[in-house]
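These features come from Swiss-Prot:
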{"type": "TRANSMEM", "residues": "4-24", "note": "transmembrane segment"}
{"type": "TRANSMEM", "residues": "87-107", "note": "transmembrane segment"}
{"type": "TRANSMEM", "residues": "113-130", "note": "transmembrane segment"}
{"type": "TRANSMEM", "residues": "134-154", "note": "transmembrane segment"}
{"type": "TRANSMEM", "residues": "167-187", "note": "transmembrane segment"}
{"type": "TRANSMEM", "residues": "208-228", "note": "transmembrane segment"}
{"type": "TRANSMEM", "residues": "242-262", "note": "transmembrane segment"}
{"type": "TRANSMEM", "residues": "272-292", "note": "transmembrane segment"}
{"type": "TRANSMEM", "residues": "305-325", "note": "transmembrane segment"}
{"type": "TRANSMEM", "residues": "330-350", "note": "transmembrane segment"}
{"type": "TRANSMEM", "residues": "416-436", "note": "transmembrane segment"}
{"type": "TRANSMEM", "residues": "462-482", "note": "transmembrane segment"}
Amino acid sequence: MSYFPWLTIIVLFPISAGSFIFFLPYKGNKVIRWYTIGICLLELLLITYAFCYFFQLDDPLIQLEEDYKWINFFDFHWRLGIDGLSIGPILLTGFITTLATLAAWPVTQDSRLFHFLMLAMYSGQIGLFSSRDLLLFFIMWELELIPVYLLLSMWGGKKRLYSATKFILYTAGGSIFLLMGVLGMGLYGSNEPILNFETSANQSYPMALEILFYFGFLIAYAVKLPIIPLHTWLPDTHGEAHYSTCMLLAGILLKMGAYGLIRINMELLPHAHSIFSPWLMIVGTVQIIYAASTSFGQRNLKKRIAYSSVSHMGFIIIGICSITDTGLNGAVLQIISHGFIGAALFFLAGTSYDRIRIVYLDEMGGIAIPMPKIFTMFSSFSMASLALPGMSGFVAELIVFFGIITSPKYLLMPKVLITFVMAIGIILTPIYSLSMLRQMFYGYKLFNVPNSYFVDSGPRELFISICILLPVIGIGIYPDFVLSLLGDKVEDILSNYFQR
């Protein structure tokens, strides 16, 4: 048991240390980069140290708990704590943000603000995953929006203002529903707001009210995850954002929606979840097929990868809605797995664009000969994305399959039908992945493009790719590494579920 405020330091350190960036020399790009990477590495070491020494894997209860009164007027507390569900996403956040900062090395325009915004996102993401208070959860959720909007609108492509505006309209619209759900749950049945997760978990609501709260939270998560039809901001955003921002979006931002769906909707509103889950299961199944089919029709490389992300999110939805130990484990494993694979694919797409200055697949071809290292890495991560055995994507999707097959909630025929449609989705994934590889790397197309230089991956880019590839293969070979972090938390969620 540690009484040292580890989580408060871990949450506040990136944004606090990041604010000193503005005191660094305006033209000292190298100093700014090393300073930011130093903060990210130190934060990752802090997270690893705190978790290794003070986190008990066999304890499903909240650990490293902190509770400080913040605003007396409406009994608002700074409540932090972690359990098996939040430890994986926090470690993923630390790892991907550090590599995204290294990936942002070529950014020289307003680099002080750029790196500060990345560190502000870092704090917001870790704050959200370790929050134990509904209002604090909402504040951390909102803390993400402004940095992402600015990163998009200032360092994006030609249509950056359009995609940034679309992003803020969608996510801010979803946040209104999130706030209504938070305030509704906090103020129900009491003169004083009850915002902490522990009390809310034991609170029972009238059925109609619980469905209303569930729906409010669901809309917010459906935008962030995204769930169709609220997904259209994602391809536009990924198509225009700088690839280091894409790494954070695909690696962490989308996972916040899935985390919220488990942490609040599943844990705090179980009756409504059992009503909504069959419908969400259908949506998740349709999403896998729809996004995989749409991805195949995309000319833009980054948009094709973005639609593949939407397709993979369908597996997370199905895992969460199976309401089984296996399915939920598979969903969390897919959250971690896709965090690595999605970030790597966007990074490689961005570095390829830096060299050839072409985004449309039908204009590419023959890149494998001048750039064999990029070709090798891109092929490896495409294989991971299409769930090649031995890679993390395969294990995650397989566990989700077992989860839906063994679910006692559904009858045999719906289970067979959903499994069959999911299998079609898995067949469609290699079609768009391998087609993307063929269009980019094979053939003998000559590039008549001014200012294009065919330089293969440098040491920095190779280092980032290998750093992401190692956990992808590691989890694929030994998934218990992630599943053991969950410990008894999944059983704990489901046991509360069936008791109530």
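The backbone N, Cα and C atoms fix where each Cβ goes, and this holds for glycine too.
Remote same-chain residues near the transmembrane segment (87-107) are listed as 33, 36-37, 40-41, 43-44, 47-48, 51, 55, 114-115, 118, 121-122, 125-126, 129-130, 155, 242-245, 247-248, 251-252, 255, 259, 332, 335-336, 339-340, 343, 347, 350, 354, 460-461, 463-464, 467-468, 471, 482, 485-486 (criterion: CB distance under 8 Å, separation of at least six residues from the stretch ends).
Distant neighbours of the transmembrane segment (272-292): 207, 210-211, 213-215, 218, 227-228, 231, 265-266, 307-308, 310-311, 313-318, 320-323, 404, 409-410, 414, 418, 421-422, 424-425, 428-429, 431-432, 497; these residues of the same chain sit at least 6 beyond its ends, with a Cβ under 8 Å from one of its Cβ atoms. Of the two recorded stretches, the transmembrane segment (305-325) does not lie close to the transmembrane segment (113-130), with fewer than three CB pairs under 8 Å once pairs fewer than 6 apart in sequence are set aside. Only sequence-distant pairs (6 or more apart) were considered; of these, at least three Cβ pairs between the transmembrane segment (134-154) and the transmembrane segment (242-262) are under 8 A, so the stretches are in contact. For the transmembrane segment (330-350), same-chain residues at least 6 beyond its ends with a Cβ under 8 Å from one of its own Cβ atoms are 85, 88-89, 92, 96, 99-100, 103, 238, 242-244, 246-252, 254-255, 258-259, 262, 301-302, 305, 308-309, 312-313, 315-320, 374, 377-378, 381-382, 384-385, 392-393, 395-403, 461, 464-465, 468-469, 471-472, 475, 479, 482-483, 486, 490.
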